[in-house]
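Quick notes on the structure that follows.
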Amino acid sequence: MFYDQAKIYVKGGDGGAGAVAFRREKYVPEGGPSGGDGGRGGKVIFIADEGLRTLVDFRYKRHYKADRGEHGQGKNMHGKSGEDMSVRIPVGTVVKDADTGEILADLIEHGQKVVVANGGRGGRGNARFMSNTNKAPTVAENGEPGEERNLLLELKLLADVGLVGFPNVGKSTIISRISAAKPKIADYHFTTLVPNLGVVELEDGESFVVADIPGLIEGAHTGAGLGHEFLRHTERTRLIFHVLDIAGSEERDPLEDFQIIAEELRQYSQELANRPILIVANKMDIPGAEENLQRLTEKLGEDYRIFPVSAATGEGLKELVYAAAKALPEIPAPQIFVRDEEQHKLTQASAPHRFELTREGDFFVVSGKEIEKHVQMTMFDREDGLYRFQNILKAMGIERALLDEGIKVGDKVRIAGIEFEWEE
């Protein structure tokens, strides 16, 4: 079975906690703090693999977590970083944030890598907090939680040419004729329910990949007849063969069919509608085809190249194939999006100090990515940790915001699930 979508969860490893320790050696009085830093958490990395063809593996395993960093120790010993988790996915997979819809990566080359969840940094040990005014700090940090997100994987076929058209117009027969593909062929609608890929090899050694896209119907852009699934496969193609039953063998008007499918492509994506199109007038061996071909040429001949063919006899297919081979080098590939680690770090580093203050019953609730990270990394069981957290509230403007909202001694504050009581 062909799977082209999967929803998974990924999480980078948490950073290890920093240590609180002091150097205690003979003949070294007042040795000072020696707590080492925690190790960085591992990353989750996707690697494109041309040997994979489907997303079926992600149906059975949906959670991917990298290793956490080890905790720091005394004698300034830093924790070991967590191991990265490498996950192989098929070439052609588009990776999206399932919650925001943001495209994180479009992996189109074998070996291409993208970091989809960064590991958290290790917490600092108390040796990092020594200053002229505090020679023996007893504060350290917990490790930063690893980045986590829900991902939507979409496998878009890496085909140069996509065959589109109503069901039963002969697309499967055409692809079986021009390539080595062996699709299921029968005289009923929706015979093709998954895309068929075939490689077309020319006599001069050139080749290109064609995809027999399952049959579209009117309303496909709204999802009718599995329309969204079918149209999704067309987006990656550079050239479209619009296949028509020119004989009208099922009592359909080929010109009307062309207009309906063209409108479905436009409704789904204007970029897709602007893709170069060759019209394939199939079933020329059936009576009535010549008359319809003349009518089609009169209406569309100035705007499109029309190729009369017969998939049953092979007539006209060679001319069609060579026309496609000539056109493809001049057609640019669809736009590619890649989110790499450095870009991601830059975005994170430039994020402003933002928070939101709301009321929930008796609680003042403070939310925001940065302050929640500080809560998770603070060791509240240590007095120095509490003191440092208070300074963070002041530096970020949260203390002033709470006072402006009328907070009083004894009122309750909640941040990242931790509850505090306000004091002077």
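Including glycine, each Cβ sits where the backbone N, Cα and C put it.
The structure displayed is predicted, hence computed values, not measured ones.
Going by Swiss-Prot, these are the annotated features:
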- 165-172, 190-194, 212-215, 282-285, 310-312: GTP binding site (BINDING)
- SER172, THR192: Mg(2+) binding site (BINDING)
- 1-158: domain 'Obg' (DOMAIN)
- 159-329: domain 'OBG-type G' (DOMAIN)
- 347-424: domain 'OCT' (DOMAIN)
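Sequence features, as recorded in Swiss-Prot, placed on the structure.
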residue	record	Cβ within 10 Å
GLY165	GTP binding site	26
ASN168	GTP binding site	19
LYS171	GTP binding site	30
SER172	Mg(2+) binding site	24
LYS283	GTP binding site	24
SER310	GTP binding site	22
Pairwise Cα distance for LYS283 (GTP binding site)/SER172 (Mg(2+) binding site) [Å, integer]: 13
Structural state census, the domain 'OCT' (347-424) (DSSP three-state): 32 helix, 19 strand, 27 coil
Structural state of GLY165 (GTP binding site), classified by DSSP into three states: coil
LYS283 (GTP binding site): secondary structure state under DSSP, collapsed to three categories: coil
